[in-house]
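Only one structure is covered here, and it is reproduced in the block below.
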Amino acid sequence: MMMSNLKLGVDVIGAHNLFPKDGQGTSNAYVELYFDGQKHRTTIKDRDLNPVWNESFFFNISDPSRLHYLNLEAQAYSHNRSTNGRSFLGKVSLSGTSFVPHSDAVVLHFPMERRGIFSRVRGELGLKVYITDEASLKSSAASNDHPDNLDPALPREHRSDKRHVFYNLPNSAQEHQHQHPQGPNQSSSLAAEQDNHNEHHHHYVPKHQVDEMRSEPARPSKLVHAHSIASAQPADFALKETSPHLGGGRVVGGRVIHKDKTATSTYDLVERMYFLYVRVVKARELPIMDITGSVDPFVEVRVGNYKGITRHFEKRQHPEWNQVFAFAKERMQASVLEVVVKDKDLLKDDYVGFVRFDINDVPLRVPPDSPLAPQWYRLEDKKGEKIKGELMLAVWIGTQADEAFSDAWHSDAAMPVDCSPAISAVLRSKVYHAPRLWYVRVNVIEAQDLIPTDKTRFPDVYVKAQLGNQVMKTRPCQARTLGAVWNEDFLFVVAEPFEDHLVLTVEDRVAPGKDEIVGRTYIPLNTVEKRADDHMIHARWYNLERPVIVDVDQLKREKFSMRIHLRVCLEGGYHVLDESTHYSSDLRPSARPLWRQPIGVLELGILNAVGLHPMKTREGRGTSDTFCVGKYGQKWVRTRTMVDNLCPKYNEQYTWEVFDPATVLTVGVFDNGQLGEKGNRDVKIGKIRIRLSTLETGRIYTHSYPLLVLHPTGVKKMGELHMAVRFTCISFANMLYQYSKPLLPKMHYVRPFSVMQQDMLRHQAVNIVAARLGRAEPPLRKEIIEFMSDTDSHLWSMRKSKANFFRMMTVFSGVIAVGKWFSDICSWRNPITTVLVHVLFLMLVCLPELILPTMFLYMFLIGLWNYRFRPRYPPHMNTKISQAEAVHPDELDEEFDTFPTTRNPDMVRLRYDRLRSVAGRIQTVIGDLATQGERFQALLSWRDPRATAIFVILCFIAAIVFFITPIQIVVALAGFFTMRHPRFRHRLPSVPVNFFRRLPARTDSML
C-alpha cells in the first residue's frame, strides 16, 4: 500500500431523489470530485433526478503517510445551459481514515450535505471509494473547468429502468465471501429463500431492510488503519476505524447509513444478539424420591450440548428458584429445549420429570414489552406420560436489551467442566456504583487534665487518630501542667455509609518503643458536621475514657475527667481523588448540593475482541476467560465472562451521565482468574482511555483499539478490542460554560493540599474503593481497581522520564523553530525574506496598535488552516511517545521492580550509580540557571562595585535618551541592529554579553 504508484479510486455510481433545479422539475446533474489539489468531473445527465453514471476516476496519492489527513469531497451540480451557470445540489465529504483497499470496498449511498445554511438539498449519492496500487491504472486526466466544455450532443448513457432488489442477510458465513451483483432471477430466488427462512424462524430472526440499489449490495466494511504521522509507530499498534452494522444501522464515518427502523433506541451501539431465555420460577407437589419420604430437587436446562443447573434444596417438595438461563442463538445446535427436574443424590442423581419445548414455537419479546408471565407445566416421565408435580416456567426469545440479561446464566459464558451456580455467579455482567467518598479533617488542638500512670515524671504525650486502617500521630509534647497543646491537622478518607468510628487515643511515651494509653474517645462520623466551604467549624471538648478502671473509689473522688479539644468536620467541598489526576473521570465535590446538572450522556458499546493472547492452558491448549471493565465517575461496569474464547463477542452497551468534558473513560480487558484454582489473580490484558473532550458530539466512533501492555520483555499487543462510543450533548451552552470553570472544586484552591498529602489520600481512597467493590457479587478485585486507577503512575521510571523529556522538547519545538528562523533572518540567508521582515517590523513599530490584532488574526488563520487536518478519531496509547519501542531491558526491569526493591545489592548499586549520573546532569543545568539569576541580582547589589557603577551610570544615560527619543525610533534601531547584515557582525560575543558573564555569582560560596 505504500508504493509510489498508490492511487485513490472513486466510482461514481449514481444519485437518487435529487432536488429539481432547472425550473422544470428536473436537473442536469453532474459531480465534481476534489482530492489533494486534484479535480475530476463526471458527464452531465440531462433532465434526470435519479442519474446513473458508473464512471471511475483515479487520483494520485503523493504522500501515503498523510492520507488520513486528506479529504475527498464530491459536489453535485445542476448545469443550466441557457445561462451557462450551475446550481448546487449537495455534497459528500469523506475523511482519509475511511478509505479501504479495493478488495474491501463497497458501494455506499451517502446523504447529501448542505454547503450553507440556505442550501436546499436532498437525496443520496452512491460512491465506491478505495485504494489501489495496480501499476496498469493511470490517473484520470484533469477535467476542464466548466461543464460547457463537454459535448452537449453526447447521447445519454443507456441504463435499465428496472431496479434490482437485494436482501442484506446477516449470515456470518457469508460476510467474508466476495459478493457480486445479482441478476433479477438470482434476486428473486434469494428473496424467496429469505421469505421461506423467515416463515420458519420468525421469532428470533430480526426484520432486515430491503435496500433498493442500482449497484452491488453492501458488505460489512473492514478495518481501516488510522495512525498519526507524528507518532510513526507500527501500523499494527495503531487505531483502526471500522464500519460495523449495529443495532441502529450501518455506521460509516461516524454516521448511521440506512438506519434500521426496527432497532431499539436503547441498544443501538451494539450488534443485536438473540438469546433463548428460560426462567425457572418454582415447582409444586413434586413426587417423593427418597426412602426418607422427601426429595432434594434441582433443575437442569438443556439445549444441545449446553446445560445450566439451578441450586438444589434439601427435603422440599415446593422449591422456589427464580433463576434465568440464556442460550445464545448463534450457538444453539438443537431445536428442542428440555427442562429436567432431578433429585440430588450422593452417587447418582435421580430423574423426577421433564418439560420439553420446540424452540421454533417460542415467542419473541422485545422491550418495552412487559415481561412474559410464567406458566405451570405438568411434568412427564421418561416414557412421556404425565406424572405428579408441576413446574412454573417462562420461555421466550429476546435480545441483550432484556431486563433478565445481566442476571441470567449465559451459555457462552459457561464453564465446560463446572456449571454450578457458584461458578456462574462470577461470570455475570454487573453494574457497580463506587461509594461516595469524603475527606475527614481532624484538628487536634489540646488536651487537659491528663492523669498519667507514673506520677513521678511529666508525661510525654501524643495523640494517635485512627479511622479504619488509617492511622496518624501528632508530635510528642511534654505535659508539664498536665495539659498539652498540638494544634495539628489530620486528613482521612471515608466512604458512605460510614461504618467506622473515629478513634483518638492519647498515649504517653514511657520509654523508647514503649507507649501507655492515657485516654481514648470514640466519635461516630454520623454526628460529625459537614461543610461545603471554608467556614469555621466550632471546636468541641470530648471526654477521654480510661482504657482500664483500676480503682472505682478513686474514680468517684476525681472531680474532673480528662478531655481533649478537637475540631472535626466532613469536607464536602473537595473532590476525593481516587485516580490519577491526568485520567480523572469525575471532578464533582463530595457534597451533593454542589453538583451541577449533567451536560451530556456518554454511551459505550463493547462489541468484541479479536486476536487475544492465551492467558492460561486448559486441556493442553491455550485459552482465555476474558471480561471487560469500564470506569467513568462512580459507575463501574463489567461484562459477562466469555469462557474459553480468544475472539469473544460481548455486544453489551452502557450509559453514563457526563458532568464535565475534561474527563476520561477507561476500559480494561482482564482474564478471569477465579475459574481455576482459588487465590489466582485476575490478569490484565490491556487498557484503553478515551478523553471526552476529543469527541465530537453526536458522532458514533467505531474503532478497533489495540490492547498494548508493557511487559518486562517489552511492549506487546495482546489483541484488539472493538468498541462504539458516542457522546451526546444535552445542553451545549452548559458544556461551553464548563470551559470557563476551574477544573477542580473551589476548596482545592482555597485550602490546597500538599503533594505528599494528595498521594497519601489517593492511596487510601483506592484501598477503600477496592474494599467496597471487592465485597460485591461478582467482586471487582483489588488488582482490577489498581490497574484501572493507575495507582503506580507516580513511581519512578527511566522510560517515563525520557518520554516526558521528549514531550517537553516537542512542546518547545515551535519556539526553537522560531528562534532558528529568526537566526536565518539575522544572517541574511534569504535576502528577500529578510527585507520583507524588516518592512513588516518597521510597520509594526510605526503602528504599534496593530501588533495585538495581527498576532490574534494570525492565530485565528492558523486555527482555521489546521481545521482541515483535525483528528478524526480519539487519541490512543502511542508506543513511540511512551518511549516503549526501544527501551533497554534493564530499564524495564527497574520499572517493574517492587517498592521497596527486591533486587540484589549489586543491581541496586548499578542503578543507583546510573541515577546519580543522570541527576548530576540535571544538577548542572539547575546550577547554571541559578548562576544566571544571581548575575541579574548582582547588577544592582554592588557585589562587584565597578560593574554595578558602570551599570548604574548606563541606566541614567539610558533614562535621558529614552525620555528625549520617541520609543518607536529606539525599538526600530534596536531591531535593525539585531537583524544587521553578517558583514557588520563579529564572531566574538557582544559587549553586553561579555559584561554580563563577568558579573559575580554565588558559585564561589558553594562548598
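For all residues, glycine too, the Cβ spot is worked out from N, Cα and C.
TrEMBL lists 174-191 with the feature compositional bias 'Polar residues'.
Annotated domain 'C2' per TrEMBL: 1-110 (among others), in sequence order. Broken down with DSSP, the domain 'C2' (1-110) shows 12 helix, 56 strand, 42 coil.
Annotation source TrEMBL lists domain 'C2' at 257-377 (among others).
The domain 'C2' feature in TrEMBL is assigned to 417-542 (among others).
The domain 'C2' feature in TrEMBL is assigned to 583-705 (among others).
The feature region 'Disordered' is assigned by TrEMBL to 174-197.
Only residues 6 or more beyond the boundaries of the transmembrane segment (805-823), in the same chain, are considered here, and those with a CB under 8 A from a CB of the stretch are 881, 883. According to TrEMBL, the transmembrane segment annotation covers 805-823 (among others).
As annotated by TrEMBL, transmembrane segment applies to 835-865 (among others). Under 8 Å from some Cβ of the transmembrane segment (835-865) lie the Cβ atoms of residues 825, 968, 971-972, 975-976, 979, all in the same chain and six or more residues away from its ends.
Taken from TrEMBL, the feature transmembrane segment applies to 949-977 (among others). Tertiary neighbourhood of the transmembrane segment (949-977): same-chain residues 838, 841-842, 845-846, 848, 939-940, 995, selected by CB-CB distance under 8 Å and a gap of 6+ residues from either end.
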For this session: Just give the helix, strand and coil counts over the domain 'C2' (257-377), going by DSSP.
Result: 6 helix, 53 strand, 62 coil
Exercise. Under the DSSP assignment, what numbers of helix, strand and coil residues are found in the domain 'C2' (583-705)?
Worked result: 7 helix, 63 strand, 53 coil
